[in-house]
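The structure appears right after this line, and notes come after that.
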Number of protein chains: 2
Amino acid sequence: MSRPIRLNAFAMNCVGHLAPGLWAHPRDQSHRYRELTYWMDLARLLEQGLFDALFLADVNGIYDVYGGKPDTAIRNAVQVPVNDPLQIVPAMAAVTRHLGFGITCSTASEHPFPFARRMSTLDHLTGGRAAWNIVTSFLASGAKSLGQDRLTAHDDRYAYADDYLDVCYKLWEESWADGAVIADKARGIYADPALVRPVQHQGPHFTVEGIHLSEPSPQRTPVLFQAGASGRGRLFAATHAECVFIGGPSRTVLKGYVKAIREQAAALGRDPRDLVIYNLHTVILGRTEREAREKLEDYRAHASLEAGLALLSGWTGIDLSQYDPDDPFRRIHTEAGQSAIDSFTSADPNKVWTIRELAQWAALGGRGPVSVGTAASVADELQAWAAETGVDGFNLAFAVMPETFTDVIEHLIPELQRRGVYQTAYAEGTLRQKLFGRGDRLRSPHPAAGHRQALSA
Amino acid sequence: MSRPIRLNAFAMNCVGHLAPGLWAHPRDQSHRYRELTYWMDLARLLEQGLFDALFLADVNGIYDVYGGKPDTAIRNAVQVPVNDPLQIVPAMAAVTRHLGFGITCSTASEHPFPFARRMSTLDHLTGGRAAWNIVTSFLASGAKSLGQDRLTAHDDRYAYADDYLDVCYKLWEESWADGAVIADKARGIYADPALVRPVQHQGPHFTVEGIHLSEPSPQRTPVLFQAGASGRGRLFAATHAECVFIGGPSRTVLKGYVKAIREQAAALGRDPRDLVIYNLHTVILGRTEREAREKLEDYRAHASLEAGLALLSGWTGIDLSQYDPDDPFRRIHTEAGQSAIDSFTSADPNKVWTIRELAQWAALGGRGPVSVGTAASVADELQAWAAETGVDGFNLAFAVMPETFTDVIEHLIPELQRRGVYQTAYAEGTLRQKLFGRGDRLRSPHPAAGHRQALSA
C-alpha cells in the first residue's frame, strides 16, 4: 500500500479526559470508567478497528491552577477522579489478541526496581503487547502529594529519568540472558543460575543491586512512547522513544518538529524509521458534512468552558480565572506558559486568539487538530496532515465515548482501507514486531540493546 | 450452621510458591503463571468452591541466604521469577462475581500516595472485593534492590508502616465524603468540591498534601490482612488487621496466638469477632487413606530438598548450606532465626528435628500443617484445629496446581457442607460484608473509621 496511516486510541482511566463536560452527553459512557466491562468492550471495539494500541494517559496530581484550587476540576471531572491505568489492561488483554496497550507512568512515582517488574508482568500477561509512555510529571500538585515542596526543575527531571531508564534497561535486558529459562520438568531445572546476573547500578539518583525479579518477557523492554516537546524533552525522545506522541496543532509546527526529532535520532545513530510519530487528533464524522457539523454543535453544547479553562490553566501554569475570557490570549504571555501558548497559537499565528476560544478548543480536542466532516473529507485531511508533516499516524482522542471510535471504525477506517492507506489485518507478533517488522526486541544502537550485548560478551 | 469454617486459597504470581520443585510434577500447571487464562481458570474454580478469597503472596527480593547466592532459588524457581500480583486480579475479577482477592504489597515498595490509588482502583474494578495483605518486607536482597544498605530494623519497619497506613486511611476515608460524587448529567456536575478535601499529613516518615485521586470505592479501605507474628507485629495486626494470616504448625502454639491477638484487639477496644483468623494449611486428599498417602509420596518424590533449604535459609536468615542436613536443627539456634525456629519446632517440642526434616516440610507445606487423608478424615482434622485453636478458617496452600484445589472442591468442601460447617452459597455484597456481615466499610473503633468520622464533623 502507499504510505500507511496508523491509529492509536487515546483515553484515560477517568471520567473527563480531553473532552471534559462531554461525560454529560446523553450517549456518553465515560462515567462507567470504574467497570471492567466498559474497558473490555472498548478493547474489543478497537481491535475490530485494527488500532495499533490503546494509549492511556495519566496524571499524578490535579488541575488546581485555575482559581488556585481544584474545585472546577472536581465539579467537571477534569481528569479527576483518575484511577490507575495499569489495572484495566489485563482485563482488556484477556478479550483481545492484537491490540497494544500504552500505559503512562511517571518516573517520579515509583522506584525503578518494582516498576520494571510491573512492566515485565504487563508484557508477559499481554503476550508482548505492552508499551510505556515515559513522563516526568508536570503538575505541582503531584509533587506535593509525594511530599516534595515543588516540582523538580524541568531539565533535572530528564536527568533523573535518564538514570531511571538506565536501571530499567539493565533489569529488562541484562539480568536474564536469553536461554536462562529452561523450564525442563524432566530434569527439574527451571532456570540456569549461570545465565542470571545481578544488576549493579550506581547512578546519580539510584543505587540498585539485584537480579530482575521477572524472567524475560516477549519484548523485554516494552515499546517506549514519549511525548517530550521541549528541547531537552526532544533529546530524551530522540534517544529513548520508539513512538513519539505529539499534539501539534498546525501542520507547519508539526512538520518542523517531525523533521527535527528524526534528525536528532539520526544524529544519535538511530534509523529515523525506528521512530513512529503519532499526532493528537480528534475526528467528528457524519454521513454528510452537515450531519458532521450538527454533531459538532451538539457536542459543543455539552463541552464545558470552565473545564477547558481548568485544563488550559494546568497546562500553561497560568491562573486564567484572573482574566476576562474574551481577552486575547497573547496578552497574558508569561515565560512559564510560553511553550504551551506557542503550541496553541501557532495553529494560526496571525489570528488573535481569545482565552475563550482556546479554552473551548481545550474542552474538545485538547491541544490537537479537530477534523469534522464525512469519512471522505476527514480521510483527505488526515492524508494531507501525514503527507505534509511526515507523521506516521494519529492518536485519536474522543469526544463521546465510545461513539467517536464507533464512528471511526464504521466510516473512516473503511474509507482509508479503500484508499489503500490503512491495514486490513493485523500483522502477527508482538507490538514491536507489528510496528516495525524487525523483531520483538530493541535493536542497536538503541541504548537498551547495548545492555543486552553487554550480557552476551 | 455450627461454627463455620472459612477457606482462602494461597498462591503467588510465580512458578514455585510453598511447594517448590512440584512445578515439575507432570500434572502441575504452575509454569503457566504468565498466562492470563491460567489465573482466570483458577479464579473460576475457586468461586465454584465458594472460597472467600484468593490470597496472593509476594516478595520484593530473592532467597539468596542459602549458599550466600541465589543459585538454588533460581534453579528451582523458589519464588523467583516472581511477577506483580496486582495485574492478574482484574482478569480474574472479570470472570467471577464473589471471589475476593488479597494482594500482598510491602510498605517498603511504593509511596503511599500512588499506592492508595492502586488499591482504590482495584476495589472499584472488583466491585468491592479487594484486600491488602500488609507486609513490611523481610528479605535483605529486597532492600539492596531499592538502594538501601540493609533492612530497616524490625520494629522501625512497623513504625514506618504505621505512618504509611495513616496516610492511606486519610486518603481512603477522609478525602472524599459520602455524597461527594453526584454524577448528574442533567446538571453537568460530576462531584461537589465542597465535599472533597485535601489530606494534610505530616508524619514521621511521610508528608502528603493533596486530595485522593480516586473517588470512594465500595469498601473505601480494602479488607486488611496482616501476618505479623512477633510481639510488635501482633500489636500492629491487633490494631489494623481484619483478617490475620498465620502459619502456626502446632495447635498449642496456634491456640496461644489466637487468644493473645484477640485479647490484644479487645484491649484496643475492638470486637474480637472483627478479626477473622486463617491458619496456613495444606491438604492432600484421596478417596481412600491409602490413595491419599500414595499421592503424598508421589508429590514428595517431586519436592526438592534443595528448594526447601533455600526457603528455610531465607526465612531464618541462616545459611543452612554450612551444615549437614542430618544435623539437629536446634544446634544452629541463633538469635536472628529464633522466632522462625520456634515456629517450626513448636510443632513437636520434644522431637529432635533435623535440618532435612524441616527443609522437606518447607518444600511441601511451607510452615503450616499438612493433612493427608480422605475428605472425612481431613474434615475431622480441620474441625479439630478450628475447635481447639479458635481459628476461623484456613489459608490453603497447594502442592500441585490446580489439582490440590480441584480435590478440595470435589471432595472436602461437599463433606464440610454435609456437616453444616461450610457455606453453601455466597452472601451478597462486598468482601467485607461477606466476611463480617456488618456493612461495606470499616467501623469504629478501627483507626480507619476514625478518619471517616473526622470528615463528617
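Yeah, the Cβs are placed from backbone N, Cα and C, and that goes for glycine too.
Nobody curates TrEMBL annotations by hand; they come from automatic prediction.
What TrEMBL records for this protein:
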- B:27-392: domain 'Luciferase-like' (DOMAIN)
- B:Asp58, B:Thr104, B:His154, B:Tyr158, B:Ser230: FMN binding site (BINDING)
- B:437-457: region 'Disordered' (REGION)
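Its Cβ placed at the centre, B:Tyr158 (FMN binding site) has 20 other Cβ atoms within 10 Å. Counting other Cβ atoms within 10 Å of each Cβ, the lowest count among the binding-site residues B:Thr104, B:Ser230 belongs to B:Ser230. The sparsest Cβ neighbourhood within 10 Å, among the listed binding-site residues (B:Asp58, B:His154), is found at B:His154.
For the FMN site, whose annotated binding residues are B:Asp58, B:Thr104, B:His154, B:Tyr158, B:Ser230, the maximal Cα to Cα separation is 19 Å. The DSSP secondary structure for B:Thr104 (FMN binding site) is strand. According to DSSP, B:His154 (FMN binding site) is assigned to a helical segment. DSSP classifies B:Ser230 (FMN binding site) as coil under the three-state reduction. Following the DSSP three-state reduction, the secondary structure of B:Asp58 (FMN binding site) is coil.
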